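What Swiss-Prot lists as anthranilate 1 binding site is 81, 112. According to Swiss-Prot, the 5-phospho-alpha-D-ribose 1-diphosphate binding site annotation covers 81, 84-85, 89, 91-94, 109-117, 121. Among the features that Swiss-Prot reports, Mg(2+) 1 binding site is placed at 93, 227, with the record citing sequence analysis. Among the features that Swiss-Prot reports, anthranilate 2 binding site is placed at 167. Per Swiss-Prot, Mg(2+) 2 binding site is recorded for 226, 227, and the stated evidence type is sequence analysis.
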């Protein structure tokens, strides 16, 4: 068993942990073998110094080893944001997930209830009528029959109960805010991940490369959004063919108009559910455009579109044909029957 005191002592000097040390330390925390004080000390020590790629890789390795998995096709994708961007925006990645699923790409979405906003992925899906507290086997059925499934993080990461109270007491961002999107229970190898700070764009792409992902976009909007934004440029780190490339994109690259950040302000889960359903029913406007933009990037990651403009064309067809809305209705039905 890891000597947790020596781990804390090492971090206290400003030294970094090896990948194996991080794996062992997080195993101790998630197994209930570390006290709340020890966990708080380590989490804040890492936060103040800044977590390294090796430390995040080790922590994710433990998260993945302890999660309850879901069976999904090898070409399934996930669209997810870390949350915590403080924007209070509408549920962009959730809406984009249905657009992508309507294009025939299987989506295995991993998410939770809101952290800093009024409505996280789980909140808005529940408001839409999707049953979220179902077993991993039932989620697998949704993925296979509806082409989209939602994995509610607390169900799939039961070991997190050992660190939950400490996280609540700390009441500030820790490494765990980064780990969720990296710990998809379906083991997807293709992801579009939004992060709350530009500093994490490149490192998280490197972590996913370390862990064997095939195709990834990690993004952060210039307005602070943990999605691809309409209001300005978006920083991207792309993992493709084993190489990481960094670049910036704008709405114009996808043939979409810009819109101010406040045009995407959301409300509570019920209000956001109404707005999401309106997009899937064909309502034009900034919410539709940002959903198309993020769906387009995901279709590029999935290998379904060559570029953002083709992705937007496919996404537009998904919405206007009713295919995206049909995926939502099918998910509601299959999850209810679970």
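Using N, Cα and C of the backbone, Cβ positions are placed for all residues, glycine too.
Sequence features, as recorded in Swiss-Prot, placed on the structure.
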residue	record	Cβ within 10 Å
81	anthranilate 1 binding site	28
89	5-phospho-alpha-D-ribose 1-diphosphate binding site	26
93	5-phospho-alpha-D-ribose 1-diphosphate binding site	26
110	5-phospho-alpha-D-ribose 1-diphosphate binding site	27
112	anthranilate 1 binding site	19
113	5-phospho-alpha-D-ribose 1-diphosphate binding site	18
167	anthranilate 2 binding site	17
226	Mg(2+) 2 binding site	26
227	Mg(2+) 1 binding site	31
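Cα of residue 167 (anthranilate 2 binding site) to Cα of residue 226 (Mg(2+) 2 binding site): a span of 21 Å. Counting only the Cα atoms, the space from residue 93 (5-phospho-alpha-D-ribose 1-diphosphate binding site) to residue 112 (anthranilate 1 binding site) is about 13 angstrom. For the pair residue 81 (anthranilate 1 binding site) and residue 226 (Mg(2+) 2 binding site), the Cα-Cα distance reads 6 Å.
Taking only the Cα positions, the spacing between residue 113 (5-phospho-alpha-D-ribose 1-diphosphate binding site) and residue 226 (Mg(2+) 2 binding site) is 16 angstrom. Classification of residue 113 (5-phospho-alpha-D-ribose 1-diphosphate binding site) by DSSP places it in coil, neither helical nor stranded. The shortest Cα-Cα distance from residue 227 (Mg(2+) 1 binding site) to any of the binding-site residues (89, 110, 112) is found for 89. Put simply, residue 226 (Mg(2+) 2 binding site) is 10 Å from residue 89 (5-phospho-alpha-D-ribose 1-diphosphate binding site) when counted between their Cα atoms.
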